Amino acid sequence: MDTYDIFKKLSRGAKFSKKNNAKQINGVKLEEEPLLIKQEPRDKHKTSKPELNQDNAITLLNGMVTEKRGKKRKITDDEQKIKQIEQEKINHYRNINNITVVGRHIPDPCKSFEDFTVDNDIINNLKQCGFEEPTPIQKQAVPLMLQGRQILACAPTGSGKTAAFLVPVIQSLKGPQKQGFRALILCPTRELAKQTQRECDRLADGRGFRVHIISKIKKAMTQYNPNGSQKYDILVTTPNRLCYLLKQDPPALSLRNVEWLIIDEADKLFESGVRGFREQLTDILKACDNENRKIAMFSATYTPVVAKWCVHNMKGLVRITIGHRNAATELVKQELLFVGNEHGKLLAFRDLVKKGLSPPVLVFVQSKERAQQLFNELIYDGINVDAIHSDRTQLQRDNTVRCFREGRIWVLICTELMARGVDFKGVNLVINYDFPPSAISYVHRIGRAGRAGREGQAITFFTTEDTTNLRSIAHVLKESGCEVPSYMLKLKKVSKAQKKKLQASAPKRDEIVTKPLYDRLKGGKKMKFREISKKIKEKKESNAKKPKKRKIHLTNGENE
Ligand SMILES: Nc1ncnc2c1ncn2[C@@H]1O[C@H](COP(=O)(O)OP(=O)(O)OP(=O)(O)O)[C@@H](O)[C@H]1O
């Protein structure tokens, strides 16, 4: 049975509308079918398809392409076999690189930088950065974006997603023009935006692009005047600052010439509520109203909300996944450490210091108050430590990040602010002092170590208060090949409502402080010993009334 016979069988009863050349089967527009079926690619990235003419081509439901009979010769069995062998080689190459693609007419992954159809200066810049070969996400995302395809890409933390979108953007913008911003890159934090701007400058070196970041709002109000000289090319920013400028009357900035809209950390930007940027994203999308606008979304984690939006709003979408969805990088050795209670965390931390920490170390806590408390404790231990959180001024934040990058700070205490995207070279250890609010947050936090092929370590403290997410995080560890006690994997599933509650507000925890209990109960007041003992007794009684927790096994196999 040849392809035409297959086509006849599949399309029995189908009507073909010649009107707009759209191929229809029983009223279904084949070109715009939702891209939900996993498909193998058909056409090669660089080679054109000599035997098929687009006008003659008919796309079948399974994505096979054939010709209308009579106009051109049939594909011979030998040609079919050769095509099949080529396809198998490509599939094998994707398999060994853990690349999964979903979509139509997907170009082959590139094996080397030379396979990218980009100008030599970009390849030289990549090599200047010390990169020897493309990472798997770069191998597949770059050829797709170079063809102007819209993509949703999910690849592990530290796997080079930034260069994967910057290379095609730089190539497609060619050189500076006086049209205002033609590429917009959105990031959830200013630290990440600055880092992306730096990487863009490195990769576009020699092209003379004006890559901007909105820093001072007051200056920005006049700087990007849409009626001015428009001497800007690429804008890297957080959504809030951009929306502020767009909301001015008249808008202080125009996005009407944006050809590429890159949404980095897409799942974060799609979150709604105070911590997310969903509303701002809607306004920004509205402002990017160029008919040639293309969107590319990147993240290490995947949420169905983003995927659904992409399927409905991005024509010709291709989805790329590297490895397993929402998996932690395999380069990080992970450990869950039961520490009993809040006081146990400080003891455990000091124990790690005693055994010898190898800096740089990142320590995550759940709030800015706790970041400050832990800082106050560690600074007296003589540790070379600093803290970064949203209460510090931008200048302080920038200085702290710089000192940490330069190795002048060894231990950096941070909040969720630094969990995503930030690329500190060679972080050896991530300590989750406070348990992460979700498995997704866990994946991003520990992904600050083990980047660009280097190995790292992550230790996550947990107490009896942290059982809500223990099961899902234990599964992340198991997926990436780390050992976890089997009881953790068998813990009861927690309802979505409970998980949401935890994400919305972090659990209440005792202050991070070494002072003994009676000192804390005194709270600075003068108290008689009898009063203090009474308070301690009350506290003990109230603790005893709390429902008994199930026995927790320690990571070393002992029971609590
Ligand atoms: N082809 C390459 N070869 C070697 N190193 C690379 C390559 N591409 C990028 N890198 C480096 O890898 C590191 C991580 O890259 P990047 O920050 O883009 O990761 P990411 O996938 O965006 O991570 P995250 O999900 O945490 O944001 C950077 O230091 C970058 O310079």
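Note that Cβ sites are derived from N, Cα and C of the backbone, with glycine treated the same way.
Under DSSP, the residues of the motif 'Q motif' (111-139) split into helix, strand and coil as follows: 16 helix, 0 strand, 13 coil. Under the heading motif 'Q motif', TrEMBL lists 111-139.
Long-range neighbours of the domain 'DEAD-box RNA helicase Q' (111-139) within the same chain, counting only residues 6 or more positions beyond its ends whose Cβ lies under 8 Å from a Cβ of the stretch, are 45-46, 93, 97-99, 146, 153, 155, 159-161, 163-164, 167-168, 170-171, 202-207, 320, 322. The annotation domain 'DEAD-box RNA helicase Q' is assigned in TrEMBL to 111-139.
Among the features that TrEMBL reports, domain 'Helicase ATP-binding' is placed at 142-320.
On the 0 to 100 pLDDT scale, the domain 'Helicase C-terminal' (331-492) averages 92 in the predicted structure. Sequence annotations record features per position, and here TrEMBL assigns domain 'Helicase C-terminal' to 331-492.
If you look up TrEMBL, you'll see 524-560 marked as region 'Disordered'.
As annotated by TrEMBL, compositional bias 'Basic and acidic residues' applies to 529-544.
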